[in-house]
Amino acid sequence: MGDTRVTVIGGGLAGTEAAWQLARAGVAVELVEMKPERRSPAHVLPGLAELVCSNSLRSDNPLNAVGLLHEELRRLGSLVLGCADETRVPAGDALAVDRERFSEAVTARLTGHAGVRIVHRELEELPPPPALAVIATGPLTADALAARLAETTGGRLHFYDAIAPIVAAESIDRSIAYARSRYGKGSGDDYLNLPLDEAQYHAFVEALLQGEKVAAHGFEEPRYFEGCLPIEVMAERGLEVLAHGPLKPVGLEDPRTGRRPHAVVQLRREDVDGTAWNLVGFQTRLTWPEQRRIFRAFLPGLANAEFVRLGQIHRNTFVDAPRVLAPDLSVRAAPHLFLAGQITGVEGYVESAACGLMAARAVLDRLAGRAFRPPPPATALGALHRHLTGEAHPPGYDYQPSNVVFALFPPLTGRHRGKAGRKEAHVERARKELAPWIDSAPPTAVPAAPAAG
């Protein structure tokens, strides 16, 4: 494969991981990074793989879905995990890094690899066929390239995350929540409903108004689409605005009383098996501690809520992956282009790196004339792939970015003792499925990354 050059656009976690995996497999790579010619407002370091927000790659415990993803990436020779392990700082069971040393380590690995050529310039056009390219430009993709991508994908490009919190099903108090679709439509159990009387509703609105908000970054303009306003912004427009908006009770009478509550919080099934539920319309800029406090204290039925994901809104460029991408992460309308990282709708540093690894393996399969072999669905990598293809979500799901969570995994079979038992079963099954997948694909399975010299 050495005479074939693949272009990778973007030097973040997804792009550097994709470039590394391709180069280690013998493919010549041109890695295009716009720094220092142009910087997004979020970037300050000179090197590749800059961690913009947190320095944490989250839990390293495999009983956590992201920790299991760490383990799988290490087994596949991940550049990002290798450099993170070398530059880690004490953080309990989390994998946190010295972000400057981490960026330097990734940059050194790639600049030191004979198969990688790094070009510092901004691209305003997508590479033409037939040469293959991986687009990994991240959540702050430059405007010109974003416009070309929107044209290529038929306009299916989103510019803001509208992420609502997700609650574990087992932590919802079913003595308070009731199953009902508005006006009785659907199967009847598509939604759970949390009823609020007038006093409860007013107390909740007041808590929203007083709650601590995340300060907008300088590169995030505080302007919102009317279709995805933060709940606290709606609350600022008037006391009853939410009760006439996402919390409207019309058609949601409580079957136990036969009466319509003053307001209703709807929870929508997040996965096919109903293990996680999305708080409908609850995109928010409340800080994560405030979300936990306010939603548990003021929403009936969520006093003991376990949050699988917390809400947020921020600038993000991502495609509607299940409709735009083929299973091998290539663009359906332009098969020579592969997407990787947050632009596909994965959320998080580690998930971005994992997506870069999957895209690289897909490119290798394409170059070898093989059909793409996706990771086994019960692995953490496979769960992310299920998210990207839509297999992890019910029909009609409104595609939004997601971290890797156990709710994306296929359901377990048999009985398992409590939450810990279910997590252990997920991990055991994932490990069993990953090993034969690696063994069956030696041309695309790479050796572990060498230590930095």
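Here, residue 1 is simply the first one shown, and the rest follow in order.
Cβ from N, Cα, C; glycine included.
The local packing around Gly11 (FAD binding site), expressed as other Cβ atoms within 10 Å of its Cβ over all shown chains, amounts to 29. Residues or ranges marked as FAD binding site in Swiss-Prot (evidence: sequence analysis): Gly10, Gly11, Gly12, Leu13, Ala14, Gly15.
Residues or ranges marked as compositional bias 'Low complexity' by Swiss-Prot: 441-453.
Residues or ranges marked as region 'Disordered' in Swiss-Prot: 433-453.
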Residues near the FAD site, Gly10, Gly11, Gly12, Leu13, Ala14, Gly15 excluded, by Cβ within 8 Å of the Cβ center?
Val8, Thr16, Glu17, Ala18, Leu48, Ala49, Ala136, Thr137, Gly138, Ala340, Gly341, Ser352, Gly356
Within 10 Å of the Cβ of Leu13 (FAD binding site), how many other Cβ atoms can be counted across all chains shown?
33
Around Ala14 (FAD binding site), which residues of its chain at least 6 apart sit with Cβ under 8 Å of its Cβ?
Ala136, Gly138, Ala340, Gly341, Gln342, Ile343, Ser352, Ala353, Cys355, Gly356, Ala359
